């Protein structure tokens, strides 16, 4: 049965009233327009929907504003929050006169997957992102000619041990950097995260766990690995669910990498593997039971890490996180199990689970662009046999200053990242996956 037929059958079975067509803007934000379900038939999935591209930041000028959304029928799901039964579908953006993919559509991740197959290196790339976030009770900000400020607060925050609370301060709080894995009542968000995970499961997402993270008010939910574009779609759904469930509880969520000074920031560690002919390409007999191809893949990521920062760490706040300490992976080194380098090989007994984890990305990244860029860097490493050098199995932050100074780092600012991308972007242009217009 075709994807379109399945989508139309879902509409009928669920008695759908509306269809929400969604797409991703250059910043990684989900956008949408809602249509009466009566307008959606088989032709709609082929003909698409026209919209004003000049109203999306970074896209068209007003004199060339017409653009078209083409729904991807394989991406449909029922929205869990709308009052009226609504089916959602993610879209690709195309030029209306040529029907060609729009060069600035973040869903170029599809082209990266096609490039992998065409290269002969592998058939499929699997991605497992781990996006952390903070939950607060109160967030205030002000940007005026006289003041620029923001303020955050949460009853569960470590700084509220002496706060006056209406029903009494029960003192069940994790201390500074003490948030990792405590049970309730210290972990006060257990049920909130559980509802988030259950909602994702009802939407058809593959999930596996949830827990409190190290920093005060910091959390993480687990996505089971999937294809590159599928997981980029899932990160958008992940954020959508987390924001909306928290909102229903009277709380607010931020995926900002470093919302407060002096505590751990939020990363989006990205686990990656490549399979070919039904077999894991990264399993072998080299360091940490990796294959030579996996080591070359790591070499590509380490070589291009500074250019990648422009896409995996795209905001000024990203570089408040990428500083020594706070478990931040600023050093361009790799290791098995060692979390102080920017690439880690998680321990596993199963060859099928052998993977590479890039630790420097953060959840402010556009997932389509970040995942596609990471894959392109790794494939460049395999194609050009880029040696990653020896692994670093020590705690790199405990090295003597002279040894630490010899280890290269990721970028320290967005300005540096953009400069590095300008100098090093040819690997992204291979197969026309990215364009200079991107």
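Glycine too: its Cβ is placed from the backbone N, Cα and C atoms.
Under the heading domain 'GS beta-grasp', Swiss-Prot lists 14-98, citing sequence analysis as support. Taking the domain 'GS beta-grasp' (14-98) as a whole, pLDDT averages 94 in the prediction.
Per Swiss-Prot, domain 'GS catalytic' is recorded for 106-438, and the stated evidence type is sequence analysis.
Marked as Mg(2+) 1 binding site by Swiss-Prot: 130, 269, 357. The Cβ of residue 130 (Mg(2+) 1 binding site) has 220, 222, 223, 267, 268, 269, 270, 271 as same-chain neighbours under 8 Å, each 6 or more residues away in sequence.
Spatially close to residue 132 (Mg(2+) 2 binding site) yet at least six residues away along the chain are 213, 218, 219, 220, 255, 266, 267, 268, 363, judged by Cβ distances under 8 angstroms. Residues or ranges marked as Mg(2+) 2 binding site in Swiss-Prot: 132, 213, 220.
Under the three-state DSSP scheme, residue 352 (ATP binding site) falls in the helix class. Feature annotation from Swiss-Prot assigns ATP binding site to 208, 271, 272, 273, 339, 344, 352.
Sequence annotations record features per position, and here Swiss-Prot assigns L-glutamate binding site to 264, 265, 321, 327, 339, 359 based on similarity to another entry. Taking Cβ-Cβ distances under 8 Å and a sequence separation of 6 or more, the neighbours of residue 359 (L-glutamate binding site) in its chain are 267, 269, 329, 339, 341, 342, 343, 344. According to DSSP, residue 359 (L-glutamate binding site) is assigned to coil rather than to any helix or strand.
DSSP classifies residue 397 (O-AMP-tyrosine) as helix under the three-state reduction. Taken from Swiss-Prot, the feature O-AMP-tyrosine covers 397, and the record attributes it to similarity to another entry.
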Using only C-alpha positions, which one of 321, 357, 397 is spatially nearest residue 272 (ATP binding site)? These are the recorded positions in the record. 357
Excluding 132, 213, 220, which residues of the same chain place their Cβ within 8 Å of the centroid of the Cβ atoms of the recorded Mg(2+) 2 site? 130, 131, 133, 211, 212, 214, 218, 219, 266, 267
To the nearest whole angstrom, state the Cα distance for the pair residue 208 (ATP binding site) and residue 357 (Mg(2+) 1 binding site). 18
Could you say which of the binding-site residues 269, 321, 352 has its Cβ with the most other Cβ atoms inside 10 Å? 321
Between the binding-site residues 339, 344, where is the Cβ count within 10 Å the lowest? 339
Rounded to a whole number, what is the top Cα to Cα distance in Å among the residues the record ties to ATP, namely 208, 271, 272, 273, 339, 344, 352? 22
